[in-house]
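These features come from TrEMBL:
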{"type": "ACT_SITE", "residues": "344", "note": "active site, nucleophile"}
{"type": "ACT_SITE", "residues": "399", "note": "active site, proton donor"}
{"type": "DOMAIN", "residues": "181-571", "note": "domain 'Glycosyl hydrolase family 13 catalytic'"}
């Protein structure tokens, strides 16, 4: 059975499968089935008219510029609104009369550029454009929508130029795809900021200098941000202008391929932060008004504009828009060998209000009512189903704040088809606690509830903080904890201050309990693992276009005389311990103790017993802990270890033995000799 035929199949029962998992969804079964029917209709029509999804989603092989075996070049572009079109560039002295294009009945323009004695007539790395005339007689020049390389020359213009990328030496891949991780530990990274210097970093520098750090820390996946070309660097990559071009500010496409290839050789998955939720409103170097109309790739009028992001919104119900977006996913899988995607802005895609000024209470009516954009939901179903059928190794992650039921269940069950969703409430909780409450007032029950509150049988990526908290205007956990003392009291040659002592302790504990309780995967944004001492701010008018804060200060973690090394070493120990015990791929934890006065939390997960004392001042000796497992226990991780910046108050060589005495609802109990304040220990059951 071909991939295309596989996509058309599915066991669509009378009652959607997700209603069996969650009976509270049964009243909404008709809506779920309607979505399934819309999905099946698209699959049927694409199979009938395009020869299946495999062919349909390879639009990048038909559209844009394609070099034939004899050296001829065929250029095709969908621009239904215009009356005339021609391919212009340096190769024909920008003469609009030399290579006119012909239009078919579907609005697709085409031109053949004959080779010169077997050599393509358009030189590699030379500039090109499509020049068009609208029905109103206006001449408009645009960058080809499917272009694979765009560059910027600030000495000439802020706008990007399209170039024909056809290097004589193609990149030769050296490594096989890595094994799909069962416990996903993601290192979120941005190539441009990954240098200590005040400039834009490169793909090659990331490959040579940063990959080894990620591997050493024990992460098994990288999530690359800001790869799709974006004209405005300070947009963090979320205002995409050229969807098939990787950002040229970091280097060449071949350099990115080398990065991914090298990561694969290290056993690292590489996920792309994909932006299909909206597009930059740029006209000269974007998709906006591509053929002179307001509705080429986007909805017309207000429906096609995101008021908060000041960007354009795709028309997910249009045939050619689906071809463009699905082909975009296939392109990055085939051309660059990414292993999956983190879909940005999924909430905006799934709701007509785009999440603007709207809170989600968790009431199911919010997910199946008139506010839902079913075209956006069906697009995500098509994308996920196609990707998982064609690439069994793939991982897809949804950035969604709404909590939509079924988001991470298969399409044939009535779900949307993602593998994971981001636990976006968790970092908000930690920031709120640090910002608004004294440590004595932390509600242990609420902390535990927020960490475990996720949908049954839908996997979640847990994180204590991501790039959002690192951006200027917000603060990282390290900054909330230690603030200005990070600049004055992080030297190992100075005594611990109360603020630094508290900051190091809680930084470790917050990450550890999030890792252990909050999901089936874990994510960290680069630099946050060691408490990066400054915020992230890209060059812009408001900071005199400075790169000072658009970098990562690896030098502070490499300095043996600074305490950042302790946090880095703890993160490393935590990731490697998860690799050993695999708690992320284990069933959800059982919490046996949530003691509000003592500020103690105890839970079992991954054949490990986790004990957290969040009390700011009170330590406990001979504390009785319940456990389901009988036998011997030993310490495998202790946040108070001196190598993690702790005080070495616990003898890690001691063993603990259970007694057959029921405690805290567990069959056995152990007497923990000592659990100091602001310390967490993990015990292994032997």
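For all residues, glycine too, the Cβ spot is worked out from N, Cα and C.
Note that TrEMBL annotation is computational and uncurated.
Residue 399 (active site, proton donor) sits 5 Å from the residue listed as 'active site, nucleophile', taking the Cα positions as reference. Its Cβ placed at the centre, residue 344 (active site, nucleophile) has 22 other Cβ atoms within 10 Å.
If you draw a 10 Å sphere around the CB of residue 399 (active site, proton donor), it holds 20 other CB atoms from the protein chains shown.
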